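Have a look at the structure below before the remarks.
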Amino acid sequence: MEFNFHVTADQLARFQTSLSASNVAVDDWYNRHQTIQFGTTRPWLVEAKDEWLNFDWRDKENHINQFPNFNISIDDTNIGPTNIHFIALFSQRKDALPLLFLHGWPGSVIEFLPVLDILTSKYTAETLPYHVIIPSLPHYGLSGGPSDVELTLSDAARLMNELMRSLGFASGYVVQGGDIGSFIARILSATYPECKAFHINMLAPSSQDEILSNANITTTEIEHVQRMYDFSANGSSYILEHGLRPSTVGLVLASSPLSALSWIGEKLIEWPDHRYPLTLDTILTLVTFYWHTNSFSRNLYAYRPMAAAAVENKLFNMPTSKTKPFGYSVFPAENILMPEAWAKKAYPNLVYYKRNEKGGHFAALEQPELFLKNVEDFISLARPLIGI
């Protein structure tokens, strides 16, 4: 069913009241720093609060509603009926390729709005070469999920596959994913025959066997690998918090707009390419969408297995096809990546590897034109191999 997303005036008023009453901690040695070394800074948070109090949510809401939004109920045998929200551009071409885009945390469908802007300016419904499907992952945004059982990544992948089947794409589709979306894309590739090819922009080593020497990698890749190790040591503590204490984290983030902005804002500042940072307006849009969709306390399930692996000092093993066409785009500021030689040895089905010159963790949001070109270049290589 098609619908327009609308936050009521009462919801907006309550948000304003809560934000106005949100306290900023007193100045101290840690939070007065101008860098992200110790996390979100107090000066940044004070500025962000001031801008947030005058934030035009209706403008952002209108941008979301520029594109067709849909709700569909997926009758899943394991977890019961589940509402899934998605944005879609359906092509009128008979040869259009179904293309599924999957976001991560702390992302949402908002990440892909710049890509949709490009597609709608470049193509009409008659010329669009793809059926573009951008869902809110289960328990994210406007999508639902079970409250009486724990959702897993495998559950989320199954729901995404069933979404594509329900839309008439049982004969096959291509999936693209980043962050948590990359995990789900990999599960889809390994589990469901409907998924014919997959492209991701975050590739984490799944075992020690995939971590090779530096003999066949470039100087730049050596620097990237070192940054990945630094991130693992100094920037990944949130994974343990999310995975081991999701209730506490969820309750804290949902208790105050500034609590949410402090926690999520840190990632939205630190993870993009620092040469092209996200604007404060964009950061506020992402966090406000989470707030008005009650996403904070629901969407941490993906971190449960990651935290469990970390506690045992193991890598998070993710099932991934080694036969279906695989594309991998590296954006230089991404925290988790694999050099080309490592990726090719681990995945003989890697048909597309692209090392980009700019961009970070939120590639579709940071560099939408470059991101889309990567995806389209991968499709041009993969499509002759998959027969759809």
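Quick reminder: no glycine exception, Cβ is built from N, Cα and C everywhere.
Heads up, TrEMBL stuff is auto-annotated, nobody curated it.
Residues or ranges marked as active site, nucleophile in TrEMBL: D179. What TrEMBL records for Y303 is active site, proton donor. The active site, proton acceptor annotation in TrEMBL covers H361. Taken from TrEMBL, the feature domain 'Epoxide hydrolase N-terminal' applies to 2-112.
Here the features listed in TrEMBL are painted onto the structure.
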residue: D179; record: active site, nucleophile; DSSP class: coil
residue: Y303; record: active site, proton donor; DSSP class: helix
residue: H361; record: active site, proton acceptor; DSSP class: coil
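For H361 (active site, proton acceptor), other Cβ atoms within 10 Å of its Cβ number 23. Cα to Cα, Y303 (active site, proton donor) and D179 (active site, nucleophile) are separated by 11 Å. Taking Cβ-Cβ distances under 8 Å and a sequence separation of 6 or more, the neighbours of D179 (active site, nucleophile) in its chain are H103, G104, W105, G107, M202, H361. Mean model confidence for the domain 'Epoxide hydrolase N-terminal' (2-112) is a pLDDT of 97.
Mapped onto DSSP classes, the domain 'Epoxide hydrolase N-terminal' (2-112) shows 37 helix, 26 strand, 48 coil.
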